[in-house]
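Some features that Swiss-Prot has for this protein:
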{"type": "BINDING", "residues": "12-18, 40-42, Arg304, 330-332, 412-414", "note": "GTP binding site"}
{"type": "ACT_SITE", "residues": "Asp13", "note": "active site, proton acceptor"}
{"type": "BINDING", "residues": "Asp13, Gly40", "note": "Mg(2+) binding site"}
{"type": "BINDING", "residues": "Asp13, Glu14, Gly15, Lys16, Asn38, Ala39, Gly40, His41, Thr128, Arg142, Gln223, Thr238, Arg302", "note": "IMP binding site"}
{"type": "ACT_SITE", "residues": "His41", "note": "active site, proton donor"}
{"type": "BINDING", "residues": "Thr298, Thr299, Thr300, Gly301, Arg302, Arg303, Arg304", "note": "substrate binding site"}
Amino acid sequence: MANVVVIGAQWGDEGKGKITDLLSRSADVVVRYQGGVNAGHTIVVDDKVLKLHLIPSGILYKNKTCLIGSGTVVDPKILLKEIDMLIDNEIDISGLKLSSTSHVTMPYHRILDEAMEADRGSNKIGTTGRGIGPTYADKSQRNGIRVRDLLNKERLRDVIEIPLREKNGLLEKIYGIKPLKTEDIVEEYLDYGERLSKHVVDCTRTIHSASKNKKNILFEGAQGTLLDLDHGTYPFVTSSNPISGGACIGAGVGPTLIDRVIGVAKAYTTRVGEGPFPTELQGSINDQLCDRGSEFGTTTGRRRRCGWFDGVIGKYAVSVNGLDCLAVTKLDVLDELDEIQVCIAYDLDGERIDYFPTNSDDLKKCKPIFKKLKGWQCSTANCRNLSDLPQNAMNYLRFLAELMEVPIAIVSLGANRDQTIVIEDPIHGPKRALLR
């Protein structure tokens, strides 16, 4: 038995969906432990492109328990759309489970998210406008609505009274928006609750039962390390904890239950929205990476900012997550480049530093110090073994592993499942040196 956490080692969009889908074959239970519909992952199966925001990637395999954990925030309207999409594609959803204590994104959360972001003007943080931040804020203020509340009319009417009164006051007096009606929301969300009721479970009990029965559990994070509320580039972060420690809180398990942590990183770096980005590129190479990598957000459709691989944030991700190994994705996007650069340190006010400054003002001043490597200028899309890779591609991967001081277990060379080199299965394989 092995319990594995999959995290993003950059600013999200690293390709965690594909890696989680790949590892789900060896897992019995797949748990999404934080975030909401602000995250998105794309999986390509038999030329079918499936885009999911809440449902764990393991749903595409039969006989898997796929659990949306207590640390998530759930927009039931979008969740039901995902369920319908999967049913339309003849995918069995009987293994889908939803924590009764997950908090629910309500209509006023989405409206407030958009209004607050617009009000920030030039100081906007780049929110997706899906209501995630306001939902987590209500959770922290003990003013939130949980999935269990959608299963009882009187309960829902009771718990919604205070937050709706507060939110209507904000909508009317601050933003000049028409207030929402209690009955409209209650009826709509009771309907959602009824449709979702057969999936609702006690999250912690479900996971601990699986663990007791020696099942393999895969914990799936959303977003990435640099978007972590406490350890990311604050305030340009998400409202939850995507790092590996967040799996324990969001799923309701102790750290001793985690056997291994795998980080997912692109062979270059991307970021969506606002905030400092030391290795960001401009011009033709930026456009080339964006176009070849299809760098447009699954959730928002926004064009992603592209840059060279940043080893400083990579080493930071290794540290704060306790990474055991790494999955490098989109290596094929670099195929046509004759020269590739990797950031090995920063220049901060004339001083060379090799650590990640968590102060966004300092990070904004950091200038990348690069190491140049030779490109391979040939396609890697059909490589299925390390021996198939061009020598310079191998050199590049080894350099990343040495720089980050963590072995590489998986290399992804395209969107399809089979466009992958699995050096070692992090769930069933022994802990040993992989590609260094």
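Note that Cβ sites are derived from N, Cα and C of the backbone, with glycine treated the same way.
Structure with Swiss-Prot features highlighted.
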residue : record                       : Cβ within 10 Å
Gly12   : GTP binding site             : 29
Asp13   : active site, proton acceptor : 29
Gly15   : GTP binding site             : 22
Gly40   : Mg(2+) binding site          : 19
His41   : active site, proton donor    : 24
Gln223  : IMP binding site             : 31
Arg302  : IMP binding site             : 13
Arg303  : substrate binding site       : 13
Leu331  : GTP binding site             : 25
Leu413  : GTP binding site             : 26
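For the pair formed by Gly40 (Mg(2+) binding site) and Asp13 (active site, proton acceptor), distance between Cα atoms is given as 8 Å, rounded to the nearest Å. Considering only the binding-site residues Lys18, Asn38, Arg304, the Cβ with the fewest other Cβ atoms within 10 Å is that of Arg304. Under the three-state DSSP scheme, Gly15 (GTP binding site) falls in the coil class. Gly301 (substrate binding site) falls within neither a helix nor a strand when secondary structure is assigned with DSSP, and so counts as coil.
Taking the binding-site residues Thr42, Thr128 in turn, the residue surrounded by the fewest other Cβ atoms inside 10 Å of its Cβ turns out to be Thr42. Comparing the Cα of Gly301 (substrate binding site) with the Cα of every entry in Gly12, Gly15, His41, Thr128, Gln223, these being the recorded positions, the smallest distance points to Thr128. The shortest Cα-Cα distance between Arg302 (IMP binding site) and any of the binding-site residues Gly15, Lys18, Leu331 is the one to Gly15. When secondary structure is read from DSSP and collapsed to three states, Leu331 (GTP binding site) falls in the helix class.
The recorded positions shown are Lys18, His41, Thr128; of these, the one with its CA atom nearest the CA of Arg303 (substrate binding site) is Thr128. Cα spacing between Thr128 (IMP binding site) and Arg304 (substrate binding site): 13 Å, rounded to the nearest whole number. Rounded to a whole number, the C-alpha distance linking Leu331 (GTP binding site) with the residue listed as 'active site, proton acceptor' is 14 angstrom. Over all protein chains present, the Cβ of Gly301 (substrate binding site) has 8 other Cβ atoms lying within 10 Å.
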